[in-house]
Amino acid sequence: MDGSCKHFISLSLAWLAFFCLCFTFVSAELQRFQQPAKADGSLGFLVIGDWGRKGAYNQSEVALQMGKVGEKLSIDFVASTGDNFYDKGLSSPCDPDFKDSFTEIYTANSLQKQWYSVLGNHDYMGNVRAQLSPILRRIDSRWLCRRSFIVNTEIAELFFIDTTPFVDEYFRNPKHQKFDWRGVIPRKKYLRRVLKDVESALRESVANWKIVIGHHPIRSMGHHGETKELIMQLLPVLEANNVDMYINGHDHCLEHISSITSPLQFLTSGGGSKAWKGDFHYLDRDEMKFYYDGQGFMSVELTQTNARIVFHDVLGKVLHSLDLSKQLYTAM
């Protein structure tokens, strides 16, 4: 631990105690963060997942293209779908991996915006509280990571959900894989609260676009495939509340699946660094719109009534795009 980080910690102890108290107090509902749209009412952001490898596996190359696309679109923020730091998250708020895999990689001027991040399963293998710590915001003010939270813009609401605790497999072999479950145990109570809070927030939302972001896929033809726990527990909530997009990582690919039972679009952006070539399952061709087993990222542009989603590869090439439109929401 270097002297500068010790200084950050000593300055932050009182603030951290207050933060923890406040976080405990508001844990009964999802925290909300305000993100203004542009003056013309539009919104633009990038989505990246499964990235933190100190620049290796083309992470730096993806970051370079993100900077170029971010500048072209004049993005407002970046969303991370988790697995932010490999292989085992961060060990502490002073872990050098934070700077080596984040601050010193995403250096383009266009990426000096707020980053909203959720946790992935690899993040849970480290010290989860390190990524949630306000000390990281003193090191790099772009960083904002929570378990589950809402980003409220003037034209859309983004609901970030902590999906790792939903996966039964992670609780079956505690000796094989060790996870930091502080704040999650007792698990059933935690999951009930998350689902209740998400359902309530979605039901009360008057945003014209409802976008849910988590680490694990609901639908995917990638290496990990579908997450049955999310299909059973989360998907009905999303469909009942007219969610437009579910965005995830976990599978190291880029992917678009269109629901045949609802308007919901399943979008995977997990190509931030290491990818899995040729590792996929087959899905119904009516649902499967696009799959790419390489590195890249996603861009989203929104207005009140239109959305454009674009998948970019490691060289910045446009691989696939999706245009959505809808009527302006009117509260009854």
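Here, residue 1 is simply the first one shown, and the rest follow in order.
Backbone N, Cα and C atoms are what each Cβ position is placed from, and that goes for glycine too.
In TrEMBL this protein carries:
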- Asp50, Asp83, Tyr86, His252: Fe cation 1 binding site (BINDING)
- Asp83, Asn121, His215, His250: Fe cation 2 binding site (BINDING)
- 45-253: domain 'Calcineurin-like phosphoesterase' (DOMAIN)
- 1-28: signal peptide (SIGNAL)
What residues, ordered by sequence, lie under 8 A Cβ-to-Cβ from His215 (Fe cation 2 binding site) and sit at least six positions away in the same chain? Gly49, Thr81, Gly82, Asp83, Val118, Leu119, Gly120, Asn121, Thr163, Thr164, Asn248, Gly249, His250
Summarise the model's confidence over the domain 'Calcineurin-like phosphoesterase' (45-253) as a mean pLDDT value. 96
May I have the list of same-chain residues other than Asp50, Asp83, Tyr86, His252 whose Cβ is within 8 Å of the Cβ centroid of the recorded Fe cation 1 site, in sequence order? Gly49, Trp51, Gly52, Arg53, Gly120, His122, Gly249, His250, Gly270, Gly272, Ser273, Lys274
Would you mind checking how many other C-beta atoms are within 10 angstroms of the C-beta on Asp83 (Fe cation 1 binding site)? 30
Quick check: which same-chain residues outside Asp83, Asn121, His215, His250 lie with their CB within 8 A of the centre of the Fe cation 2 site CB atoms? Gly49, Asp50, Thr81, Gly82, Leu119, Gly120, His122, Asp123, Thr163, Thr164, His216, Gly249, Gly270
Can you tell me how many other Cβ atoms are located within 10 Å of the Cβ belonging to His252 (Fe cation 1 binding site)? 26
When a 10 Å sphere is centred on the Cβ of Asn121 (Fe cation 2 binding site), how many other Cβ atoms does it contain? 21
